[in-house]
């Protein structure tokens, strides 16, 4: 704060030991003149010519103060102009905030993301191919196991038929053995019969001719042949029946196997298609999840980047606003100081004019003789009563006013 009140210019002087100093030398101040003594030029302190010296000193002091105030006003004006030029230059030179160019990095990131997505799709395609190969291997393994089961069933059926054929062969052998035994028995019976007939003939000779009406003999060969034919027909019939049954069972089993194989093939094909569809959907779902994650990460990074940029811009705006506020405050303060200085200058010029008018209007002159009884105005001055210029009582020091009247309103 500036206190532009003038210092107390009242001369706090005690009466000197010079002879005949009047007792009316108490310091008084001019009203509204910042404690400028009013008895300057009227009280004969230092005889004739002291008024001119005090006036010169006062005027010199006031001129120096006025020159210093004017110099300070000019300095403040220069500082204000310099600040205004700096503000203008700063506002002209300040470039808008340019965000760094990350387009090349973004393009590189996009290319890398595309490569990653291509690699992921290629990996997914390879995984699908591997799964398809595994499914095809499973299908071939299932077919192999099915064919192996069918082969085992056919082999078991063939073994069963072979056992039946062996049993039939054994039965045929038994029947052939029985036929041979019956043939041998028939031969034995025939030979025994012929022997008996020959024996009887030899005993009876020709004496007896017996004619016996008997049933015609049975042809055993024919009977055996018929029996053989019947058994062979029966065996052939049984064999044909068994073969027909086997063929029917085999055809039915083949039909069932074919239908089951077709159903199994269709089911396996459908399962393979469904698995492929599921794998493709899983791959697509994984790709969508990855895309969503990448987009979320990109969104998060973008939000973070733009929030950081926004914070930087806000901080820059805050700094600029604070600088502008400080500059405005400085400008207002300097304007106020400048205004105060202008007011002080005007007040000082007014006071100087007042002092000059007072000094010019002073028509009383100091006497040349310090012990004169009259002054230039013809007024009587009381002579010194004391003996050879004894020192008078000390003058009461000038009590300064509590405040300067004209300058009080400018004290900050």
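Glycine is no exception: its Cβ is also placed from the backbone N, Cα and C atoms.
The domain 'IF rod' annotation in Swiss-Prot covers 55-366.
Under the heading region 'Head', Swiss-Prot lists 1-55. On the 0 to 100 pLDDT scale, the region 'Head' (1-55) averages 41 in the predicted structure.
Marked as region 'Linker 12' by Swiss-Prot: 203-218.
The region 'Tail' feature in Swiss-Prot is assigned to 363-412.
What Swiss-Prot lists as site 'Stutter' is 304. For residue 304 (site 'Stutter'), the number of other Cβ atoms no farther than 10 Å from its own Cβ, over all displayed protein chains, is 10.
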Residue 304 (site 'Stutter') - helix vs strand vs coil (DSSP): helix
